[in-house]
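One structure is given here, and the rest of the page talks about it.
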Amino acid sequence: MSKSERLDGGLEALGIQAGTVNLNWNEPRLYQEAVQRGEAEVAEGGALVVKTGAHTGRSAKDKFTVRDSETEDQVWWDNNAAISPEHFDALWTDFQAHMAGKELFVQQLFGGADLDHRLPVRVVNELAWHSLFIRHLLRVPAAEEYAGFAAEFTIINLPSFKADPARHGCRSETVIGVDFARRIVLIGGTSYAGETKKSVFTILNYLLPAKGVMPMHCSVNSNPNGEDATIFFGLSGTGKTTLSADASRTLVGDDEHGWSPNGLFNFEGGCYAKMIRLSAEAEPEIHATTKMWGTVLENVVMDPQTRVLDLDDDSLAENSRGAYPLSAIPNASETGRCGHPKNVIMLTCDAFGIMPPIAKLTPAQAMYHFLSGYTAKVAGTEKGVTEPSATFSTCFGAPFMPRHPAEYGALLRELIAEHQVDCWLVNTGWTGGAYGTGNRMPIKATRALLNAAMDGSLNSAAFREDPNFGFMVPIAVDGVDASILDPRSTWSDKAAYDDRAAKLATMFIENFKTFEAHVAPYVRAAAPKVRELTAAE
């Protein structure tokens with residue numbers, strides 16, 4: 001690292017003429033600075049409370065990738081909005097001008113715990129609390145690693161910058177611009193800190209597959225020795241965080257991981273958990289972080305006099321969040337690494353009540369369901385609508401996948417085959433009927449089924465083939481009511497189940513048409529079947 005990079009984090013070399021550079025400030029300094037500047041307040045227990053204003057979630061429609069010779073054939077343009085190199089040039093010039101003479105906070109951090117595949121990143125912020133946030137979320141170098149630190153990507157986040165759609169080729173005053181050739185991400189016009197976290201994820205999702213490393217939107221746990229690992233894929237609301245938090249196992253991470261020849265590794269060093277209506281009974285470890293010094297609470301309502309938090313109040317945001325280091329969780333991994341997985345779990349919250357509580361997948365079925373990324377959400381009740389809606393988010397994280405999903409799917413299939421991993425589909429949604437008539441799958445049953453899968457005993461169970469989806473469903477499992485293992489038997493109206501199952505199968509088939517041309521015939525053959533019912537049925 002050059003002398004200038006040691007002094008200013010390499011900003012001058014980027015053409016940034018900052019007034020003051022606060023390089024690698026630690027948590028106490030950033031805490032104090034955020035409060036003194038009026039960016040944040042301290043809650044009872046010591047957490048830092050901040051408000052992000054108009055933006056309380058990601059601005060997905062304001063994210064753009066530079067379309068140039070490097071990215072033209074690498075990026076999945078059906079899913080990623082493009083910006084021209086000329087528009088990005090104008091944006092970069094205006095960002096440089098906006099930073100001139102300003103006080104900036106710079107963190108030199110690693111994305112990834114695998115020493116062979118981690119990414120050194122430079123994160124530039126104008127807000128002290130943003131600098132604290134990303135210091136929690138990424139991995140802080142050891143003291144001796146700073147001397148040789150050379151950032152390979154730069155992320156600059158300036159909430160006070162307002163983009164000009166005509167000049168910058170964007171959609172609004174908010175912009176997230178990614179230039180893979182120049183290795184720069186520019187974030188402007190939003191204070192929502194999750195944009196920085198997900199920018200790092202997007203970068204790694206682009207870079208790692210070229211190295212044969214699989215990036216994943218998932219949680220991971222292992223046994224205390226770092227072996228017998230399990231990957232949990234799942235969209236929001238499927239139970240990914242809850243089910244991977246197991247007191248008898250080590251939590252490697254809750255959101256973003258890679259799978260390399262060395263095993264599994266966390267991209268992050270912290271967690272970014274949903275706080276709304278968080279329960280001390282249901283999730284005690286996460287709830288405890290709300291009363292911890294160091295935690296950054298985003299859009300959590302606090303009494304201005306008593307400084308007591310109200311986690312049930314959604315007046316600032318439904319998407320209230322807490323950022324804290326992984327070390328705040330008692331059974332978290334110190335290294336962020338573990339061995340190769342023994343099991344892959346794909347979680348779905350099926351509000352239609354069709355999916356079994358657990359099913360075993362072949363490698364082809366695993367790739368099919370990974371590319372489908374299915375869950376079902378319950379519609380809002382503001383107009384009295386209670387009909388569930390199907391959600392398909394490919395790779396269980398479509399907004400963060402720059403490459404074509406088939407590229408990630410093929411890599412996952414190869415790794416599953418190489419390491420002989422068992423794959424399971426787990427439904428945490430409804431049984432005995434759809435949402436409104438059925439009941440939520442008992443979490444006790446889900447945990448018992450997961451434990452049987454993870455300890456290997458489920459492999460010796462008797463299975464039946466599901467007539468709609470073709471996967472194998474256990475007939476009996478110790479500690480689980482056998483009736484819930486057959487979803488059709490739990491419905492009082494069997495004809496209604498058959499009709500709904502056919503509709504869901506059709507949704508899968510329609511959704512997968514996007515990927516059919518990009519996958520092998522045996523993966524296409526893993527699709528569900530819309531079957532003709534016999535008179536007996």
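Using N, Cα and C of the backbone, Cβ positions are placed for all residues, glycine too.
Annotation source Swiss-Prot lists substrate binding site at Arg58, Tyr192, Lys198, Arg321. What Swiss-Prot records for Lys198, His217, Asp255 is Mn(2+) binding site, and it gives sequence analysis as the kind of evidence. Positions annotated as ATP binding site by Swiss-Prot: Lys198, His217, Gly234, Leu235, Ser236, Gly237, Thr238, Gly239, Lys240, Thr241, Thr242, Glu283, Arg321, Thr446.
Put simply, Arg321 (substrate binding site) is 13 Å from Ser236 (ATP binding site) when counted between their Cα atoms. Here the Cα atom of His217 (Mn(2+) binding site) is found 8 Å from that of Gly234 (ATP binding site). Taking the C-alpha atom of Thr242 (ATP binding site) as reference, the shortest distance to any of the binding-site residues Tyr192, Lys198, Asp255, Arg321 belongs to Asp255. Under a cutoff of 8 A between CB atoms, and with a sequence separation of 6+ in the same chain, the neighbours of Asp255 (Mn(2+) binding site) are His217, Cys218, Ser219, Glu268, Cys271, Tyr272.
Cβ contacts within 10 Å of His217 (Mn(2+) binding site), excluding its own Cβ and spanning all protein chains shown: 24. One way to see the shell of the substrate site is to take the Cβ centroid of Arg58, Tyr192, Lys198, Arg321; the remaining same-chain residues with a Cβ within 8 Å of it are Gly57, Ala193, Gly194, Glu195, Lys197, Tyr272, Asn319. Packing around Lys240 (ATP binding site) is summarised by its Cβ count: 22 other Cβ atoms lie within 10 angstroms of its Cβ, all protein chains included. Here the CA atom of Tyr192 (substrate binding site) lies 23 Å from the CA atom of Gly234 (ATP binding site). Between the alpha carbons (Cα) of Arg321 (substrate binding site) and Thr238 (ATP binding site) lies a span of roughly 17 Å. If you take the Cα of Thr238 (ATP binding site) and the Cα of Tyr192 (substrate binding site), they are about 23 angstrom apart, rounded to a whole number. Spacing of Arg58 (substrate binding site) relative to Lys240 (ATP binding site) is 20 Å (Cα to Cα, whole number). In terms of local Cβ density within 10 Å, Thr238 ranks first among the binding-site residues Ser236, Thr238, Thr242. Here Tyr192 (substrate binding site) comes close to Thr52, His55, Thr56, Gly57, Arg58, Ser59, Glu298: these same-chain residues lie at least six apart in sequence, with C-beta atoms under 8 angstroms from its C-beta. Distance noted between the C-alpha atoms of Lys198 (substrate binding site) and Lys240 (ATP binding site) is 18 Å.
Max Cα-Cα distance over the annotated substrate binders (Arg58, Tyr192, Lys198, Arg321) is 14 Å.
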